[in-house]
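Engineer: Got a structure for you, written out below as structure tokens; questions coming shortly.
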Amino acid sequence: MSSAGNIYNVSSDLSLQGFDLSPEKAIVAFVFAALNYIIILFCNSFLLFTVITNKGLHEPMYILLLNLPINDLIGSTCLFPHIMRQLLFDTKTIPFSICITQAFFIHVYAVSVVFILTAMAYDRYIAICQPMRYTTIMSKLHLTKIILLVWLSNLTLMAILFILLLRLPRCRSYLTHPYCDNPSLLQLVCADTTINNFYGLLITVLCQVLTVGLILYTYLRILIACFHNKSSDTRSKALQTCGTHLVVFILFECLGLFTIISYRIKDISPHLRKFIAVGAVILPPTMNPVIYGLRTKEIRVKGIKFFQRKVFTS
């Protein structure tokens, strides 16, 4: 094979393993996926509009929270139309350029979740442990810097990851995965992937150590501060807010861990691996707006008022 035949061809198609469902089951799965996607679009958009249109929610905590539904919409939009197309038309091919784009934004989505939740934990730490300095520290300028750091650092890390991938020759075109991501694309490479594996492991470890470490530290300090606070109302509100953040964080971390384990276990059922992989991208965007909408009193109250005003006065 010539060297020209070994390099990536962005116009070529890749084959996907797909879901291997009967036509009847595929239609049921398509309807379920379409309804799930509609719920995600509605709930996350509703959360966005609730925060944006209510000046009472224009506080650092809710401005940081805005990034979560935006990120959830990115992640779900990268996956759902692709899966629905597979189920409806039984297509098991995807253009390489679209595959790379999908993989890039799915990884951006995954890293953004932990970065955003870490920023939100930092905000709660300042609010509860240093309340007298909160407005000074969490100024508009500082808040803008935090949001830019979350997105620009993530985009930079992922850009390097995929630049390292795109430099390698490809000699296979069959993806053993229902959608595109970096590990499945690396399986198509017919060259030494040591640098890619090292960089991927490095950013995974660094991101996990930094984010999990910061979140554990901030919530430990918050917990200590709550126990020293004599006001039961303040303590209850602080613990409720932090509990909501922890539920979202633990949910995402568990799903991510299951996905990584499913890649490492060779004897695992292919159907279970697909379910875990898809669930890791589907469940957080579905659950996040529900969790924040139900458990955060300010958002719940403002959201109900917004809904009543738009529906019953229109």
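We count from 1, first residue shown onward.
Just so it is clear, glycine is given a Cβ too, placed from its N, Cα and C backbone atoms.
Bear in mind that TrEMBL entries carry predicted annotations, made automatically and left uncurated.
Straight out of TrEMBL:
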type	residues	note
DOMAIN	43-292	domain 'G-protein coupled receptors family 1 profile'
TRANSMEM	26-49	transmembrane segment
TRANSMEM	61-84	transmembrane segment
TRANSMEM	104-122	transmembrane segment
TRANSMEM	143-166	transmembrane segment
TRANSMEM	198-220	transmembrane segment
TRANSMEM	241-263	transmembrane segment
TRANSMEM	275-294	transmembrane segment
Engineer: The transmembrane segment (104-122) vs the transmembrane segment (198-220): three or more C-beta pairs under 8 Å (separation of 6 or more)?
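Structural biologist: Per Cβ check, the transmembrane segment (104-122) touches the transmembrane segment (198-220).
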Engineer: May I ask you to check whether the transmembrane segment (275-294) and the transmembrane segment (26-49) make contact, with contact taken as at least three Cβ pairs under 8 Å and only pairs 6 or more apart in sequence counted?
Structural biologist: yes
Engineer: State the residues, same chain only, that lie 6 or more residues beyond the ends of the transmembrane segment (143-166) and have a CB under 8 A from a CB inside it; answer 'none' if no residue qualifies.
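Structural biologist: For the transmembrane segment (143-166), the far contacts come to 8, 60, 63-64, 67, 100, 103-104, 107-108, 111-112, 115-116, 119, 122, 182, 185-186, 189, 195-196, 199-200, 203, 207.
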Engineer: What is the average pLDDT across the domain 'G-protein coupled receptors family 1 profile' (43-292)?
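Structural biologist: Averaging the confidence scores along the domain 'G-protein coupled receptors family 1 profile' (43-292) gives 85.
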